[in-house]
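K.L.:
I'd like to ask you about the structure that follows.
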Amino acid sequence: MPGLLLDTLGGAMPAVPPVWLMRQAGRYLPEYRELRAEKGGFLELVYDTEAAAEVTVQPIRRFGFDGAILFSDILIVPYAMGQDLAFLAGEGPKLSPTLVDHALEGLEAVPERLTPIYDTVARVRSLLSPDTTLLGFAGSPWTVATYMIAGEGSRDQHDARAMAYRDPAAVQAICDAVGNVTIEYLSGQIEAGAEAVQLFDSWAGSLAPDEFERWVIAPNARIVEALRGRHPDTPVIGFPKGAGEKLPSYARETGVQAIGVDETLDPVWVAGNLPEGMPVQGNLDPLLLLAGSDRLEPRIDAIREAFAGRPHIFNLGHGIDRRTPIAHVERLLAAVRKRG
Ligand code: CP3
């Protein structure tokens with residue numbers, strides 16, 4: 001009994017779609033905040049196998065989602081490539097040294113920073129029932145590179161986008177290196193028990209059209225091809241946030257088995273423009289869930305209806321906001337699981 005989510009990634013179209021939420025393990029849950037405070041910091045939580053497994057399972061216990069996503073972060077890859085990583089309260093993540101001036105020069109890989117994550121995957125798998133799908137994940141090279149280059153998040157990924165024009169060979173080397181580590185990292189997660197993996201390309205949308213091919217499509221295609229070779233039965237979900245009208249070419253050219261769709265796209269347009277039968281995941285606006293207005297249920301119905309002709313995994317268009325009331329998540333689940 002592989003579970004509704006994995007079945008849907010394989011092409012099934014159950015009457016009620018499987019559902020999970022990006023960032024479902026996190027600060028909107030009081031039980032997360034409590035364990036996070038006890039462990040002292042985000043990285044302390046990630047590197048404590050028992051605690052990270054517990055946090056992964058918390059939203060499953062509370063809501064019965066169809067999928068659990070490994071509790072970790074996309075910035076563990078730069079950390080394993082030798083950058084220092086800190087999550088500072090109220091400031092977001094910081095990576096150092098930044099790569100703006102020296103690219104990868106001087107970085108020394110620390111592969112032992114990946115291995116504890118595989119223990120968490122195995123531990124989570126042992127805690128979950130067989131019908132809950134365990135999802136692994138990593139960031140896509142471009143998105144990870146934007147953080148590595150600037151050393152932090154930025155509104156428009158200015159440093160990385162400028163560097164990609166000024167010194168494309170250096171950015172190519174960074175993306176290639178991130179891609180190589182990501183292939184190993186996702187293979188490790190799959191070997192430890194992840195049944196599907198998602199590639200988060202959160203900043204795919206900041207690129208000009210002729211840059212999108214080079215920094216989004218090509219690096220994701222390379223990862224998908226390598227994983228296909230090693231783990232042909234494990235589906236890859238691509239999530240090129242902000243891809244807009246480039247979503248269909250991403251879907252066709254990267255080789256991903258399923259595609260995540262952000263909230264900016266009309267699901268009717270998406271359904272009409274993706275390859276037939278390709279599973280889609282999305283695309284409720286996380287801020288509508290936060291607000292919980294009387295438009296929530298009609299919107300959920302509209303998304304379900306738009307995607308009724310293909311395999312659909314219900315999700316948000318981006319991560320759940322930390323201020324989201326639990327009661328709104330319960331409303332979402334009731335609406336998604338209502339028989340049509
Ligand atoms: O529940 C899950 O989805 C699994 C765990 C997960 C986290 N981050 C935990 C986390 C996943 C899949 C991510 C992905 C991630 N991390 C992305 C891609 C998706 C997206 O949101 O665009 C990105 C860009 C990051 C980088 C990152 N991590 C930032 C910018 C921040 C700070 C902003 C914030 O939300 O706090 C983080 C921290 C982070 N990652 C937290 C969590 C639960 C909050 C840490 C805390 O407890 O203070």
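Positions of Cβ are set from backbone N, Cα and C atoms, glycine also.
Found this in TrEMBL, in case it helps:
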- 18-27: domain 'Uroporphyrinogen decarboxylase (URO-D)' (DOMAIN)
- ARG23, GLN24, ALA25, GLY26, ARG27, ASP73, TYR147, SER202, HIS318: substrate binding site (BINDING)
- ASP73: site 'Transition state stabilizer' (SITE)
- 135-151: domain 'Uroporphyrinogen decarboxylase (URO-D)' (DOMAIN)
K.L.:
Using the alpha carbons only, what distance in Å do you get between ASP73 (site 'Transition state stabilizer') and ARG23 (substrate binding site) once rounded?
P.N.:
10
K.L.:
Tell me the residue counts in helix, strand and coil for the domain 'Uroporphyrinogen decarboxylase (URO-D)' (135-151), as DSSP assigns them.
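P.N.:
The composition, in the requested order, is 10 helix, 5 strand, 2 coil.
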K.L.:
Non-local Cβ contacts of ALA25 (substrate binding site) (under 8 Å, 6 or more apart, same chain)?
P.N.:
TYR32, VAL55, THR56, GLN58, PRO59, ILE69, PHE71
K.L.:
Starting from each candidate's C-beta and looking 10 angstroms out, tell me which of the recorded positions ASP73, HIS318 has the most other C-beta atoms.
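P.N.:
Max Cβ neighbours within 10 Å, all protein chains included: HIS318.
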K.L.:
Over the span of the domain 'Uroporphyrinogen decarboxylase (URO-D)' (18-27), count residues by DSSP class, listing helix, strand and coil in order.
P.N.:
0 helix, 1 strand, 9 coil
K.L.:
Would you work out the biggest C-alpha to C-alpha distance among ARG23, GLN24, ALA25, GLY26, ARG27, ASP73, TYR147, SER202, HIS318, the residues that bind substrate according to the record, and give it in angstrom as a whole number?
P.N.:
22
K.L.:
For the binding-site residues ARG23, ARG27, which one has its C-beta crowded by the most other C-beta atoms within 10 angstroms?
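P.N.:
When each Cβ's neighbours within 10 Å are tallied, ARG23 tops the list.
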